Structure formats: structure tokens, C-alpha cells
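Read the structure below first, then the notes.
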Amino acid sequence: MSGRGKQGGKARAKAKTRSSRAGLQFPVGRVHRLLRKGNYSERVGAGAPVYLAAVLEYLTAEILELAGNAARDNKKTRIIPRHLQLAIRNDEELNKLLGRVTIAQGGVLPNIQAVLLPKKTESHHKPKGK
């Protein structure tokens, strides 16, 4: 008898991803790998990829929330690049963060200079008296 049966030893615990431990949807392991392979520094701490994944997830959720609102305003159910553009450019902080970013097929914000608008005149047309 070699004693290699199933009766001895503990069962191995189910693997739990670092993303699920942190309560995130974004992949912490992939972010960690990219930080290591990107030559940003010689060593990468354990908390850095978790923090970066959380920040990326928050920014993505914020942009998608605003883009979804823009799509709904245009009576559409699918977000297109135009909705992303409208969402980012109408939000002051996101516009500052992504000011130099060009979104393909995004178009521009509708804007007419005040000088070009027709002048408002009072419409009190008095009938000519006799």
C-alpha cells in the first residue's frame, strides 16, 4: 500500500481571483502583468494593480453612464461613438481629462455663435391708424 488514497490531506480551496477579492470587474491580474511588462519600474507592489484597476473601472463606469444617458436622449438603445463624444464633452471634468483625445466618428458639439443668431426684435406691430 502506497497510502495515496483520497482519505488523507485537505481538499484544495477553490481559487479566488484578485478581482473578486477586491470586488472589481476589471482584471487585477492582467493589470499587474501589464505593469510588470511595461518597464514602469523594477518592482510592482501588490496593491498597485488593485488600485489602478479600480480607477479604470470607475472611469469606465462614469463614461458609460453618461453615454447611456446620451443614447437614451436620442431614443437609441445602443451606444455609438457619437454618444461617447457628447457624454465626455458635456462633462467639465471628463472634458478636461480627455481634452486632447480624438474620438473616431464622434462628431462635434452643436454650437452656434451668438453673433450669428438672428436678432430678436419686438413683434409689437401696431396697426397704422387713420
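Glycine is no exception: its Cβ is also placed from the backbone N, Cα and C atoms.
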From the list LYS6, LYS16, pick out the residue that Swiss-Prot labels N6-(beta-hydroxybutyryl)lysine. LYS6
Summed over the compositional bias 'Basic residues' (7-19), the DSSP helix, strand and coil counts are 2 helix, 0 strand, 11 coil
Candidate with sparsest Cβ neighbourhood (10 Å radius) among LYS37, LYS119, the listed modified residues: LYS119
Hey, does DSSP put LYS37 (N6-(beta-hydroxybutyryl)lysine) in a helix, a strand, or just coil? helix
Rounded Cα separation (Å) that holds between LYS37 (N6-(beta-hydroxybutyryl)lysine) and LYS10 (N6-(2-hydroxyisobutyryl)lysine): 36
